[in-house]
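What TrEMBL records for this protein:
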| type | residues | note |
| --- | --- | --- |
| BINDING | His55, His153 | substrate binding site |
| BINDING | Asp72, Asp83, Glu209 | divalent metal cation 1 binding site |
| BINDING | Asp83, His146, Glu178, Glu209 | divalent metal cation 2 binding site |
| DOMAIN | 30-216 | domain 'Peptidase M24' |
Amino acid sequence: MAVRVPSMELHRPPPSVSGVRVHKMIIDAGAYPSPLGYGGFPKSVCTSVNECICHGIPDSRELQDGDIINIDVTVYLNGYHGDTSKTFLCGEVDEASKRLVKVTEECMLRAISACKHGTSLKKIGRRISEHAERHGFGVVDRFVGHGVGRIFHSEPMIYHQRNNMPGQMVEGQTFTIEPALSMGSIDCDMWDDGWTAVTTDGSLAAQFEHTILITKTGAEILTKC
């Protein structure tokens, strides 16, 4: 679940899907869904469909053939939060949408591969931007990754676009990398639920996320299945 950089307009509620099964799965595993009640968020998982960039609130809308959906799950277990998301293809999806999803995941993995103790945090944004731009996609800059562990959202803030922010990675740090790419505009609006961010031009967006642990020689993915 990304941290929002403030100031967007309000519109309508999101098209999404029910999160009841996810809630039950988390509770049955002895964990707690971190988003539930966080800042007033009403559900246990974020489901973001098509032009929805992130933080979509699950509802009763049925998924359609050709949709793409990001499912963002954070759980609290044994005193720690773990945060991850993945964009899935629904049925027969066109090649352009498949490419968007593929490149977004590649951006995340390329950024993770650059991480280790002593590396500048801004290298993450450079790696993501270079790969996204090479394939003709834009990197949404409204949302950032974040420190995560005993606290759901903490320092450092992880910028996914090119930036000159200070800071270096430190062994033992845990944070998320969660780039969101768009086929069109990287600008976004907020719907009137106060959470759901969508592309201003209605173009498709995809996102992937992992929680990682910085080590002396690299990064360990903590949310890998």
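Positions of Cβ are set from backbone N, Cα and C atoms, glycine also.
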Have a look at the binding-site residues His55, Asp83, His153, Glu209 and say which one has the shortest Cα distance to Glu178 (divalent metal cation 2 binding site).
Glu209
How many other Cβ atoms sit within 10 Å of the Cβ of Glu209 (divalent metal cation 1 binding site)?
24
Least buried of the binding-site residues Asp72, Asp83, Glu178, going by other Cβ atoms within 10 Å?
Asp72
For His153 (substrate binding site), which of these binding-site residues sit within 10 Å, Cα to Cα: Asp72, His146, Glu209?
His146
Let's check the environment of His146 (divalent metal cation 2 binding site): how many other CB atoms sit within 10 Å of its CB?
22
Compute the C-alpha separation of Glu209 (divalent metal cation 1 binding site) from His55 (substrate binding site), stating it in Å without decimals.
13
Return the residue, from the listed binding-site residues His55, His153, with the maximum count of other C-beta atoms within 10 angstroms of its C-beta.
His55
Using the alpha carbons only, what distance in Å do you get between Asp83 (divalent metal cation 1 binding site) and His146 (divalent metal cation 2 binding site) once rounded?
10
Whole-number Å value for how far His55 (substrate binding site) lies from Asp72 (divalent metal cation 1 binding site) (Cα to Cα):
8
Local confidence of the domain 'Peptidase M24' (30-216) - pLDDT mean:
97
